[in-house]
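Engineer: What follows is a single structure, and I will ask about it in a moment.
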Amino acid sequence: MTVTHTEREFLFIYDSHRERERQRHRQREKQAPCTGSPMWDSIPGLQDRTLTAPAPFADETSCQCQAPHEKLTIAQARLGTPVDRPVRVYADGIFDLFHSGHARALMQAKTLFPNSYLLVGVCSDDLTHKFKGFTVMNEAERYEALRHCRYVDEVIRDAPWTLTPEFLEKHKIDFVAHDDIPYSSAGSDDVYKHIKEAGMFVPTQRTEGISTSDIITRIVRDYDVYARRNLQRGYTAKELNVSFINEKKYRFQNQVDKMKEKVKNVEERSKEFVNRVEEKSHDLIQKWEEKSREFIGNFLELFGPDGAWKQMFQERSSRMLQALSPKQSPVSSPTRSRSPSRSPSPTFSWLPNKASPPSSPKAASASISSMSEGDEDEK
């Protein structure tokens, strides 16, 4: 990929700006070290570390934040101030069966302000079972699910059900992000009421059509389907808490479904075979029609009324007639008519030819004998 001169110049300016920001933040971090609130998060491009490693837990950081923490208004935070630290946004929840609705809420909390650091509090199993009910995932699984979300910078384990001033001060929280629907629990109409009154509440939007309760409802509604599914995948009836009768019923249904699937596959294959046969038969019929037309045309060209065979036969028959018929004699000169009363003058064939005398005595004797024989016949 080629880089134009303008792009190269822009990259140089951007790298120079980042280097100046790094130096400035190194100096400020030496004056007020803080690992609980990393100043590196305000540097453009360094927040991408959450894409290559899970977010840390709040109780595993090496020290607490010692930097002065001034209270901000929402207007100030949206302007990108203060420049020396990110705006610390807190979001809490149960996050059972972590889904896209949770991720979208955290994305909104992360992008509320130009420079923000998102802390996510997750309630423990004891607290959740007490105030909300049983969960599908245990607290360790829910903690790990949050750590691997790209929008989360820090996870607070065993978060309180109701936020106290001491908790907000401990973690240097500027704002709390949650949907604006009043959350009644623990004997309160809205557990975020005092946060809203303090001007620290920032609302987010819920994602319609997806929630943990909806997912559980789908599983309960189609319980038989998922029980049969897991039995087919090797889970035992004891692991699924399924009775002996139901286990046999589910396995029988699985066998019936397999037979149905086989029959369906056979029907589909037979349909495909019939379609292929029809296509081939259609092609064969078309080819046969073409060949038959060609054959009929060739036959008519040979044996038709004006065919080549008839012309050939006529030519051969004419040649045979010419070969069998005698040649005509040349036309003689017309003779002079004679009267019937007059008899033709006798010709004397016995007279010797003056033009050709006998060449030998034998020939002369032979001619004389022939003449005598002729006279005797006349008598």
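Backbone N, Cα and C define each Cβ position, glycine as well.
If you look up TrEMBL, you'll see 19-45, 319-379 marked as region 'Disordered'. The feature domain 'Cytidyltransferase-like' is assigned by TrEMBL to 90-218. Sequence annotations record features per position, and here TrEMBL assigns coiled coil to 249-276. The compositional bias 'Low complexity' feature in TrEMBL is assigned to 329-372.
Locate each feature and note its surroundings.
Structural biologist: On the 0 to 100 pLDDT scale, the domain 'Cytidyltransferase-like' (90-218) averages 93 in the predicted structure.
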Engineer: DSSP on the domain 'Cytidyltransferase-like' (90-218): how many residues come out helix, how many strand, how many coil?
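Structural biologist: Secondary-structure composition of the domain 'Cytidyltransferase-like' (90-218): 45 helix, 26 strand, 58 coil.
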